[in-house]
Amino acid sequence: MKFRKLLFSAATLISVLLLSGCGYNMVVFEPQGPVARSIMELINWSLIWMALVVVVVFGLFGYIVWKYREKPENKDYEPPEEHGSMVLEVIWTAIPILIVIALTIPTVKTLYALEDVPPGYENVKPITIHVTSADWKWIFSYPEQGIETVNYVNIPEDTPIDFKLTSASTMQSFWVPALGGQKYTMGKMETQLYLVADHPGSYFGRNTNFNGRGYAGMEFEVQAQTREDFDQWIKDVKETAPKLTERKYEELLEPTHLGRMTFSNTHLEWVDHADPDSPSYTNPELYRYHGYQGRVFEEEDNYRNKTNDDKNLHEHHVEGDGNGGEHSGH
Amino acid sequence: MGIKWNEILITGDPLILGSQIAILLTMIGIVGGITYLKKWKWLWTEWLTTVDHKKIGIMYIISAVLMFFRGGMDGILMRVQTSRPEMEFLNAQHYNEIFTTHGVIMILFMAMPFLIGFMNLVIPLQIGARDVAFPQLNALSFWLFFCGAMLFNLSFVVGGSPDAGWTSYFPLAGKEFSPGIGNNYYAVALQISGIGTLMTGINFIVTILKMRTKGMTLMRMPMFSWTTFITSIIIVASFPILTVALALMTFDRLYGTHFFTLSGGGLDMLWANLFWLWGHPEVYIVALPAFGIFSEVIATFSRKTLYGYKSMVFSIVGIAILSMVVWVHHFYTMGAGPGVNSIFSITTMMIAVPTGVKMFNWLFTMRKGRIKMTTAMLWALAFVPCFVIGGVTGVMLGMGAADYQYHNTLFLVAHFHYVLIPAVVFAVFAGTYYWWPKMFGHMLNEKIGKWHFWLFVIGFNMTFMPMFFLGLDGAVRRSYTYSVESGYAPLFFVSFIGSIILALGFAAFCYNIYWSVRYADRNIPSDPWDARTLEWATASPVQHYNFAKLPEVKSMDAFWYMKKNNEGLTLKKEELEEIHMPSNSGLPFIMCVVFGISGFFLVFEWHIAAAVAAVGIFAGLIIRSFDYNDGFHVHKEEIEQTESAWRNGEGEVNRYVGKR
Amino acid sequence: MSANVNTSLPLEYQTEQSRMNILGFWIFLGAEIVLFATLFGVYGVLYERYAGGPTHQDIIMMREVMIQTILLLTSSFTCGLAIFEMRRNNLKGLITWLIITLLLGVGFLFMEVNEFLHYIHEGATMQTSAFLSSFFVLLGTHGLHVTVGIGWAILIIIQLLQRGLTPVTARKTFIIGLYWHFLDVVWIFIFTFVYLKGMVA
């Protein structure tokens, strides 16, 4: 029976090694740009050491359990008294420390490297793209080009993209696994991420931080293009795409799933959600689902309080429709 | 009062309707059964009012098994929903509620009470004491936990479940994005049971510091006592953080403050920090006692003393300290900067060092031993390889830069299930098989136990191993569905089959309990495993005063050497003295009810009603303050009778394993 | 359990159960320290997030706060005197000083409630900004502790009057003394890090 267990463990181990190293095509192991590639190299480095640990411990475990298991012929064997061994204990403290050091050095190096333009691209002028996540869509603004897209983002190949991340609603996470690691988007603050695609292609991106009912579908596409195609696309958009109005934008931020959209201006003209003093674009009444509804509080910095001419004001007014505990606690 | 009666009960979902009917029928069944058997008085005097640590321990364990069932059902539903792409078994909202309650219930209402149950059951016995330091407080702790658990479970049929994940990240969990009261349940129910846990921590620190029997120095304590001691310290150091975080959450949701909100200058990152400042130590609150159980089981069934005892103690202290300084690794991706992420990467990976020391010590305890393959030992053995996989993937996740690619994916989900299930779940199963005779005076069936073991271990690996690969392929956690084109379908299906096998394993466990309660041999000796620690030096089940005469300890593995040198096993009539024991009290149970009512009103934001009910809490405290009941004395005759009944007339502690 | 009586120790330490209760209470105070440390941490993170609302300088009434501080510090001193009288086995002195302590505590509480009402009147409520949320919750938690302490001490005084000084009542009195001093220490931190720092900043 022990043997079956051993076999099972060994099979598990082998499958870990096989599947992680090669075989099954996993997006993290098929990087399409220098950022993702540097992370993959770090992961592979760690896999070597971890495989070593697994082999040693599994081997020792299998050997000990097999050799010292109770058998009919050793029923009378009384195990010796042992209290430990200084030498052994020092060894199995020291070796893990060495392994941790071996992992720490490249980890720290990579952590710092990821904050900068990837090596080899320092001389290429980066393109800035503002990413605003909302429930449940991704909004990409190109301030230099003056265009805005929803749920897809086109980038030129071999150009560092300086993504400025923020959120118009909950905390979300921006991830394009083929190009690099993820980072959170948070309202009223800005995080930053450099990504580069080193050849044209379509890459899958999504939110990884749970944010309610529409979370599963909160995906986008990164389309890496040649420089010429990208420039042509920008030109086309500027000529053909409609303008985004403030009203239209407010509608956009309501909790919905949308397809792709393209606009020939950006919402940064009137609001930057990364600004700590920007208004809150929240619509609690649109989040009512089943169950008992509690009291919702009036927020002074809600966007509706600034647009008095908006006739939606009364329809959408947060309080006053008797939606919860009238007897507040204060 | 403006109560919307029609919204109180959740309607419209056939699954929930089924549960409502099932709950109603179960309650009618329980009440009817107790009435029919005329057991109300028995229930009240023997269980609801008890302050006996062993009975409280058993109540913790029973509640934990029930919660395991509830949390497990949630888990199965999740695996069914994701078994095929674009499945329409559950909708997104329902799925969100289910993974939220799965997480909360499994960690707070299954893992922790299960382990606290064993602490209650075993610690006073292991250190040679007659009860914990504050028996009535101990009962209150249990009832507060129970109250929180019931309140939380009520949510899915009354008012709506919490649906913001077990981490309840803001702003999502705030009123702007979750106006339903589901997340009020989260804040209030966890608060109530958290207070109970904090009291447990204090109780066990004092018990272990002050109530050890003669000769039981700290460095002679069994490893489970040590882990309980360190765990209690972590509880006291971390649970107040949860208390504050939940209180602020309550204020934000109920009174419109701006701690974590998007507006008014609130800071959502603050919640993440506070939550994980508690949450990471919480992982070790459940892991350390589990390590303690494995240490006991491995030493007993290898027939050897624990290898490297001192380094084991130092490593749990080391783990406890490190557990407080790694919380940022739960959100490397928040953009705190490379400096911060580097520091927390290092502290996180450092945890591997003391954990590795423990792993090797366990292996070397078995080396040169005679390993007996009981079901309890099998769990401990399976723990080693499975936990190593959890451990090495933990180191990989701890590497900040690499985590950018693993974060919030199923790789992470697979990792923490590979940590928590082998460590905690295998440990509580090992503990159940090991200490069952101590609790009930009969064994669990070993043959059904083997079925339970193999189904569960194989099912577990099948369920979670595929998730490592799914995660590396970009599949995220908490997503209720995925597309056909993603190509995730085959591995998700393997995972689904695994979860069914896992569930069959749990069913085998339940059947084992049923079978053993009905048919197992009652005529077993008090020390069936030929064990090493003091809890086996008393009767099974344990007499209510634990020890007729408190044992004197001369070395580690006290009972083993008592048996070997034949010292202190007999009891002379002259040695008997009257024993002072605490009286039962109904107050903790009444407090549970009052807390429950007050909490329920607070969840529904009926503030005045909640305040009125809260008066009951203060009334209870006042009654307790004026309670000068000093307990009662057990007479010599009663002790003599009880002792001669189990000591078999020969005054010898019986062995089971050796004689078969 | 109540065995192991040692009459050479002070009254409150004589039985084993009392020694355990006092140790347990010390550990509880340890948990309270973590609780307040967390609240201070929250305040430290949010204290400049005014969200367009009032700042420290706009609202703080330093004179009243000074008086509150003096009241509470004095009450801690009188509480010490009460325990001193208990050690001298002087029940009457003990109760007298305890009542004085409570009156000072009530005075503190009265002024704090007035202070809060003043702030609210000025439009600075818990809902105004993150700064004020953390400000009110930190101070409110302390105030709530003082309130509970007063109620608790009244129960102890009643028990002292009923039963006189016994090992049990002595232990209870000693524990509430520890609690009261703890609240005083917390106040010193509040005074320094909330009020003084707020005025300087």
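Just so it is clear, glycine is given a Cβ too, placed from its N, Cα and C backbone atoms.
Any TrEMBL annotation is an automated prediction that lacks curation.
Copied from TrEMBL, the annotated features are:
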type	residues	note
TRANSMEM	B:15-37	transmembrane segment
DOMAIN	B:36-554	domain 'Cytochrome oxidase subunit I profile'
TRANSMEM	B:58-78	transmembrane segment
TRANSMEM	B:98-125	transmembrane segment
TRANSMEM	B:137-158	transmembrane segment
TRANSMEM	B:185-209	transmembrane segment
TRANSMEM	B:283-301	transmembrane segment
TRANSMEM	B:313-332	transmembrane segment
TRANSMEM	B:344-364	transmembrane segment
TRANSMEM	B:376-396	transmembrane segment
TRANSMEM	B:416-436	transmembrane segment
TRANSMEM	B:491-514	transmembrane segment
TRANSMEM	B:586-602	transmembrane segment
Worksheet, complete the sentence: Contact count check, CB pairs under 8 angstroms to the transmembrane segment (B:491-514), set B:58-78, B:137-158, B:344-364, B:376-396, B:586-602; argmax is B:58-78
Discussion item. Six or more residues beyond either end and a Cβ under 8 Å away: which residues meet both conditions relative to the transmembrane segment (B:137-158)?
Written reply: 8-10, 16, 19-20, 23, 49-51, 53, 56, 59-60, 63, 67, 70, 97, 101, 104-105, 108-109, 113, 116, 120, 182, 185-186, 188-197, 199-200, 202-203, 585, 587-589, 591-593, 595-596, 599-600, 603
Fill in: Leading contact stretch, B:185-209, B:344-364, B:376-396, B:416-436 vs the transmembrane segment (B:283-301) - CB distance under 8 Å
B:416-436
Practice prompt. Report, as numbers and ranges, which residues of the same chain sit near the transmembrane segment (B:185-209): CB under 8 Å and 6 or more residues beyond its ends.
Written response: 100, 104, 108-109, 112, 116, 119, 123-124, 127, 129, 132-134, 137-138, 140-145, 147-149, 151-152, 154-155, 159, 161-162, 164, 168, 173, 221, 225, 228-229, 231-236, 239-240, 242-243, 246-247, 249-250, 253, 595-596, 599, 602-603
Discussion item. Suppose you look only at the domain 'Cytochrome oxidase subunit I profile' (B:36-554); what would the mean pLDDT be?
Written reply: 95
Item to complete: Give the one range among B:15-37, B:313-332, B:344-364, B:416-436 whose Cβ atoms make the most pairs under 8 Å with those of the transmembrane segment (B:376-396).
Response: B:416-436
Worksheet, complete the sentence: Contact set of the transmembrane segment (B:344-364) with the rest of its chain, CB cutoff 8 A exclusive, min separation 6+ beyond the ends, reads 291, 294-295, 298, 306-308, 311-312, 314-316, 318-319, 322-323, 325-329, 332, 380, 384, 387-388, 391, 394-395, 398-401
